[in-house]
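A quick write-up on the structure given underneath.
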Amino acid sequence: MRFFISHLVTLCFIFCVADSTHFSEEGNKGYGPVFEEQPIDTIYPEESSDGQVSMNCRARAVPFPTYKWKLNNWDIDLTKDRYSMVGGRLVISNPEKSRDAGKYVCVVSNIFGTVRSSEATLSFGYLDPFPPEEHYEVKVREGVGAVLLCEPPYHYPDDLSYRWLLNEFPVFIALDRRRFVSQTNGNLYIANVEASDKGNYSCFVSSPSITKSVFSKFIPLIPQADRAKVYPADIKVKFKDTYALLGQNVTLECFALGNPVPELRWSKYLEPMPATAEISMSGAVLKIFNIQYEDEGLYECEAENYKGKDKHQARVYVQASPEWVEHINDTEKDIGSDLYWPCVATGKPIPTIRWLKNGVSFRKGELRIQGLTFEDAGMYQCIAENAHGIIYANAELKIVASPPTFELNPMKKKILAAKGGRVIIECKPKAAPKPKFSWSKGTELLVNGSRIHIWDDGSLEIINVTKLDEGRYTCFAENNRGKANSTGVLEMTEATRITLAPLNVDVTVGENATMQCIASHDPTLDLTFIWSLNGFVIDFEKEHEHYERNVMIKSNGELLIKNVQLRHAGRYTCTAQTIVDNSSASADLVVRGPPGPPGGIRIEEIRDTAVALTWSRGTDNHSPISKYTIQSKTFLSEEWKDAKTEPSDIEGNMESARVIDLIPWMEYEFRIIATNTLGTGEPSMPSQRIRTEGAPPNVAPSDVGGGGGSNRELTITWMPLSREYHYGNNFGYIVAFKPFGEKEWRRVTVTNPEIGRYVHKDESMPPSTQYQVKVKAFNSKGDGPFSLTAVIYSAQDAPTEVPTDVSVKVLSSSEISVSWHHVTEKSVEGYQIRYWAAHDKEAAAQRVQVSNQEYSTKLENLKPNTRYHIDVSAFNSAGYGPPSRTIDIITRKAPPSQRPRIISSVRSGSRYIITWDHVKAMSNESAVEGYKVLYRPDGQHEGKLFSTGKHTIEVPVPSDGEYVVEVRAHSEGGDGEVAQIKISGATAGVPTLLLGLVLPALGVLAYSGF
């Protein structure tokens, strides 16, 4: 049994803190329930033999919790025999859909409170059988598309997968460009039917959730023989508007009928395809993995063959189940204080927030409680929910009341303060409610003044510390539960001072730079130096290739910057630091180097072969920019190339230029690189992608030619122009042709830019006639130049002569020899031999073609003892001539299926004598005429072949290595199955039988062949 798990995410954040109002050593260690396992959505197969289903629930708590379960918000009576509990796990015996389907919640409690689990749905899965009615035959002309409907039976859930059987189980059809099975509806789509598609088809449906499969009654598909016609692309599998959840994988299907098989292309309207998109199933399936919000948009599938194209669009919407931005955690609050518990979730649509306290509905929205009391303590759950899911955050609220105590956090016994500096003495007792604070120095009570301040949190601040401030300081804390104090001694130290500060430095990229930093400090304290660049502390371990410190002299923090790069420029700060105070000094490092990237590329004007660009200067890195270089890239290439510009040399003080000699109607991106005396900088960010304006084509198609084809056809071919030469939209070709020597040209238009072929049909066209042809390109802006004129020939007539003297000869049970007398027509290119079994229709005939120099052939892989019809016809590029008269012939019966049983192999001097039993043919097999024996080296296929009518043969003992002896019966139907033994001349030992058994017989080995 498998479980169908929905993504019900539950976050539990329970950290136990004892309630000070229930002080006992045992109570101080307790905490409320924390879920370790929660129920999940489960599908129980209706046909399951398990007889029970479980819903899991487990929580940790001190003291140990109690469990109860709810079904559709009603308490489950666990005293009934149908239910049992193991810990928190609920076991339902003999589950029934009418009583047990629904939403389950596990409720866990102890003395600290109650929490509810996430809801889990128990549903019942099923997959009914297909209807028993037989299907009618589906007859389709060859070349026409077909759709076989699956129509799956009633089922739950909807996660079905589909395949199609061909003729028998478990033979599944192979999917390719021509055949596609939709995983949305299960239908089988065939772009164009071929004779090989003949057969019986069955829709095979599997439900992974309940591990069950069923298949439909077989649907007979019968292709109707016909001269294949061409049909334009026609999309039949169309994806619908799709709603996907953030992070999910999305599958879109698209498939088209048509002849020839249409090419499928995917795109996203006005945007690039997602980086995680993957196209499979010969283009019929688009998968977007881990979909993100930016992947939302309009997607298009385009199907095209040279006869026409079809498009389909639909939108993908991306939404999201709730996810925590800020959630609640276990909290301990003082009695009488205020509570604000932020609980924020993101999702699409925006989730709603509601609260449970001890498993009972409490509030909605944000949670604020003023003047906390002991009654506010308990287990709280924040629930975020939208249409796509629900998440829980659990936390325990403890209310604390206690007198002040410094046991856990006493004041430091010794506090150090730098002369002339500032010191803060902390006072942090544990107390609830918050205590009032007062301070004394010795016996003197301290009050706020110009140098002394007592903060609300109890801390004491002293500024401009002098020797007179040394002494004993005591903090007093008091609330309505009691009072406490803690004392420490303040001692003054010498202040830390920078005595040699770093100086500004100016270097070139690749050079080294040094920054001095020396400090004085209290000799009783340790001194460390910290360097930062532009406010960020330098990590000397990670940056050891460029930064190095002087660690030899304690008071010297000198910094060495090696192989300076542009990124090292900025403000360096040296901080000399002790545990008491610190002192800092800063200096600037100026780095001269190649320019930074220019910015703000704008395209001001777009022409067919030129664009005008402007940009803003980047940083010159303290060396004036001497020139700019503009580079371009088309969507046809990933390579950036230097562009031709006006002016040809762009000086460093310029911020605009024209790019010329561009390709019309081409998508371009541009970037700019600055150069100064120190080198060439990094390129700018690419500009927005633009398309140049269109222009008439100026390149003629090449390789114009053609000829051949079917009767009464003129076939014209050319090499299609690549995309870069289209120069505009609505691109196509104008094909001109005329009989050789005539004046008027006939013109036709080919609108598919990828097609390089046009076939003109004219029943009055004489065969093998010279034509002059030429081709030119056009687009919406005009026509291009014609190609050079080529001379081709119209198609010749199909042969009219019938092959004569056709004769056939049976060679075996699976082979027939066919011969004929050649025809005299010179246009014949070859001969076609058709043959089909008498019990098949002529449309199912198989064909063999040979050249015009051959007047016989062998038909192989025929069925034994079967009547075949055979005819012969001549053909050329224009078609097939009339067939000869049909000849009937019956193949031989099958050769004997029994292998010879080798009964002995005896060595006698330099010979082996091998004996076998007679093979008796079955009634449907050809009679045995004799035996063939092949004597060959082991591992080779060729050897010496013997024929005999006896049941024994002598073969020489091998001089070296092993030999194999093969024995098979021979009949007019062919050779039967083979039996083998191995013999060797190395020793006098017995030969090895490849398939045999040993019989006790006076030193003679008996074998049975296979």
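Glycine residues also receive a Cβ, built from the backbone N, Cα and C atoms like all the rest.
Sorting the domain 'Ig-like C2-type 2' (132-215) by DSSP state (H, G, I as helix; E, B as strand; all else coil) yields 3 helix, 39 strand, 42 coil. Summarising the annotation, Swiss-Prot assigns domain 'Ig-like C2-type 2' to 132-215.
Residues or ranges marked as N-linked glycosylation site by Swiss-Prot on the basis of sequence analysis: N200 (among others). Cβ neighbour count for N200 (N-linked glycosylation site) (all protein chains, 10 Å cutoff from its Cβ): 15.
Feature annotation from Swiss-Prot assigns N-linked glycosylation site to N249 (among others); the stated evidence is sequence analysis. Listed in sequence order, the residues of the same chain lying 6 or more apart from N249 (N-linked glycosylation site) and placing their CB within less than 8 Å of its CB are K287, I288, F289, N290, I291.
What Swiss-Prot records for N329 (among others) is N-linked glycosylation site. In the three-state DSSP reading, N329 (N-linked glycosylation site) counts as coil. The Cβ of N329 (N-linked glycosylation site) has 13 other Cβ atoms within 10 Å, all protein chains considered.
Sequence annotations record features per position, and here Swiss-Prot assigns N-linked glycosylation site to N448 (among others) based on sequence analysis. For N448 (N-linked glycosylation site), the Cβ neighbour count at a 10 Å cut-off comes to 11, with all displayed protein chains included.
Residue environment of N464 (N-linked glycosylation site) contains 11 other Cβ atoms, counted within 10 Å of its Cβ in all protein chains. According to DSSP, N464 (N-linked glycosylation site) sits in a coil region rather than a helix or strand. The N-linked glycosylation site annotation in Swiss-Prot covers N464 (among others).
Look at Swiss-Prot and you will find N485 (among others) tagged as N-linked glycosylation site. Less than 8 angstroms from the CB of N485 (N-linked glycosylation site) sit F406, T474, C475, F476, A477, each of them six or more residues away in the same chain.
DSSP gives N512 (N-linked glycosylation site) a coil state; it is part of no helix or strand. What Swiss-Prot lists as N-linked glycosylation site is N512 (among others), and the listing cites sequence analysis.
N582 (N-linked glycosylation site) falls within a strand when secondary structure is assigned with DSSP. Sequence-distant contacts of N582 (N-linked glycosylation site), defined by Cβ-Cβ distance under 8 angstroms and a gap of at least six in the same chain, are T496, T575, A576. According to Swiss-Prot, the N-linked glycosylation site annotation covers N582 (among others), on the basis of sequence analysis.
Across the compositional bias 'Polar residues' (679-689), DSSP classifies residues as 0 helix, 2 strand, 9 coil. Per Swiss-Prot, the feature compositional bias 'Polar residues' maps to 679-689.
Residues or ranges marked as domain 'Fibronectin type-III 2' in Swiss-Prot (evidence: sequence analysis): 700-797.
Per Swiss-Prot, the feature N-linked glycosylation site maps to N924 (among others); the stated evidence is sequence analysis. Less than 8 angstroms from the CB of N924 (N-linked glycosylation site) sit N865, K893, A894, each of them six or more residues away in the same chain.
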Exercise. Could you tell me the C-alpha distance between N448 (N-linked glycosylation site) and N464 (N-linked glycosylation site) in angstrom, no decimals?
Worked result: 15
For this session: Work out the three-state DSSP category of N485 (N-linked glycosylation site).
Result: strand
For this session: Specify the nearest of the glycosylation sites N200, N464, N512 to N329 (N-linked glycosylation site), where nearness means the distance between Cα atoms.
Result: N464
Exercise. Could you count the residues of the domain 'Fibronectin type-III 2' (700-797) that DSSP puts in helix, in strand and in coil?
Worked result: 3 helix, 46 strand, 49 coil
For this session: Count the other Cβ atoms sitting within 10 Å of the Cβ of N512 (N-linked glycosylation site), across every protein chain shown.
Result: 12
Problem set entry | Residue pair N200 (N-linked glycosylation site), N512 (N-linked glycosylation site) - Cα distance, angstrom, rounded | 82
Exercise. How many Å lie between the Cα of N512 (N-linked glycosylation site) and the Cα of N464 (N-linked glycosylation site)?
Worked result: 41
For this session: Would you mind giving the whole-number mean pLDDT across the domain 'Fibronectin type-III 2' (700-797)?
Result: 91
